[in-house]
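J.: To start, I am sharing the structure in question, which I have written as structure tokens.
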Amino acid sequence: MIQWLKQLKRAFGASFLWLICLIYFTQGFRSFVWTAVSYHLKDSLELSPSASQFVSSVAFFPWSIKPLYGILSDCVTIRGKRRIPYLIISSVLSLLPWPILGLVEPLRMSTVPLMVILTLQNVGSAMADVVADAMIAESVRAERAAFAGDLQSLSWLSMALGGICGCLLGGHVLDNLPIDTMFLLFATLPALQLVSCGLVKESPIKTKASTEDLSLTNSHAESDDTNTENGDTCTSGYYRRRTKRRKKIQKNSKKKTANPKKSHIQSKNDTFALQWFYSFKKAAYSLFDAFRQPIIYRYARPMAWFFLAHVTFPNLSTPMFYYDTEVLELDASFLGNVRVVGWLGLMLGTTIYNKFLKKHRLRRILLWTQVTLSVLSLIDMFKVSRLNIKYGFSDKMMSLWGSALGDAINQFKFMPFLILSGNLCPPGIEGTLFALFMSINNLGATIGSFVGAGLASILNISSGSFDNLLLGLLIQFFCVFIPVAFLSLIPKDATGLSA
């Protein structure tokens, strides 16, 4: 392990590895503070389960628009740089909400301002995730391709470690410290991330395009694009000319000499505006060409199945959280341990999939995944109906096993989605398209969460009133089988490896 880290250090540099590990560790450690947010919505604001889940769903919506952050950082440079400036912006957005919520009680105790602040915080976290992915992709491309898998493994390992630490500490700290103190404590990580951005140096993108080059018409810029493209999408936005200057430009140059200072300012502004315009235009053309490829249409149907699997599942995790804490009286430290077991189950599921399932038919994998998830949903039904006590199974045992097995089985569905997303990404715009596909997955999960909040509201499930919770879980049980009816969307010959 130490030798492996030393090799990565020599290949990428200590400051780069530190920043990447810190970003992903912070992403995983977010469970520390979001545990406090869940309790704050329930105990301090006294929101109903449906209202609490609605607030959380809105707050996490920025993770569904990740491609926007990718296109922005790819196409619009800040002082010639594409990554570190946006990482600084995202770190600031990730940092500021927590001191504000920790120190300003009126904002913390008002639902709408709290939801807006949490949404901005997730904008920062999602942007940092996208920029870090782009930095990894660029680093392994620059003569370090042999370390591509190692760098990805290190990032996932950092996130898993952060998740486990956040879950372990979150529950225990919440039992001993007020929620506002937890907000202030968590702010130290994005603050450290912000400081660490100064350790990594990014070379400005060098461009030598003149003002005359950028004053070309759109058709001329498009014709030159094929000659001047050097392999990266949206790297500079400038289009070099290889033909003689036009007579019109020669005439305009005489006017510029009359007032050189004013002409210089105007041309500089035009250059900056045209740089953005041509960069976004080039990104749009690249995405349009990517979606015109036959492989996209081939895999659009299975992608639709994964989206459908999320949308048709009414997520009732928040009502179950209320039930666990109010009726079963499970404390915060134990629920933190439950999430740790969930992280371990996630890693176990990934290992099982890679070793035993990836070469099997994808339809069969997804069929048995849905069937197994329906069986696991019975665990919550047993807890609510108290059948587990009748047969000698404690509530804590049911919660631990349900979390571990649920996260493990869900990986059997998530891993093929990752493979499918990778197969759909053509060279040159892998980062943007991959972020797009992950956003589709996140959007489906967000919609499923909204559906769950709506179901809880219709059934009048509220704090202290869980009479209809069993009915909601029964509806959830049958909804798990809806995607099974659409397995024809998955190619018959597809495997878990080829998706």
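From the backbone N, Cα and C atoms, a Cβ is placed for every residue, glycine too.
Values in this document were obtained by computation on a predicted structure and should not be read as measured data.
Here TrEMBL flags 12-34, 54-72, 153-173, 179-200, 303-322, 334-353, 443-462, 469-490 as transmembrane segment. The region 'Disordered' annotation in TrEMBL covers 211-265. The compositional bias 'Basic residues' feature in TrEMBL is assigned to 239-265.
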J.: Looking at the transmembrane segment (334-353) and the transmembrane segment (469-490), are there 3+ C-beta pairs under 8 A, with each pair at least 6 apart in sequence?
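T.: Judged by the Cβ rule, the two regions do not touch, with the required three close pairs absent.
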J.: Quick one: do the transmembrane segment (179-200) and the transmembrane segment (443-462) reach 3+ CB pairs under 8 Å, ignoring pairs fewer than 6 apart in sequence?
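T.: The transmembrane segment (443-462) and the transmembrane segment (179-200): touching, no.
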J.: Is the transmembrane segment (443-462) packed against any residues at least 6 beyond its ends, judged by a Cβ distance under 8 Å, and which are they?
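T.: Non-local partners: 48-51, 53-54, 56-57, 60-61, 63-64, 306-319, 468-469, 471-472, 475-476.
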J.: With a Cβ cut-off under 8 Å, give me the same-chain residues at least six positions beyond the ends of the transmembrane segment (54-72) that come close to it.
T.: 37-38, 41, 47, 86, 90, 111, 114-115, 118-119, 121-123, 125-127, 129-131, 134, 234, 280, 283, 318, 431-433, 435-436, 438-439, 442-443, 446, 449-450, 453
J.: Sort out the residues at least 6 away from either end of the transmembrane segment (153-173), same chain, that have Cβ-Cβ distances under 8 Å to it, and list them.
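T.: Those are 8, 17, 20-22, 24-33, 35-36, 132, 136, 182, 185, 331-337, 339-340, 342-344, 346-347, in sequence order.
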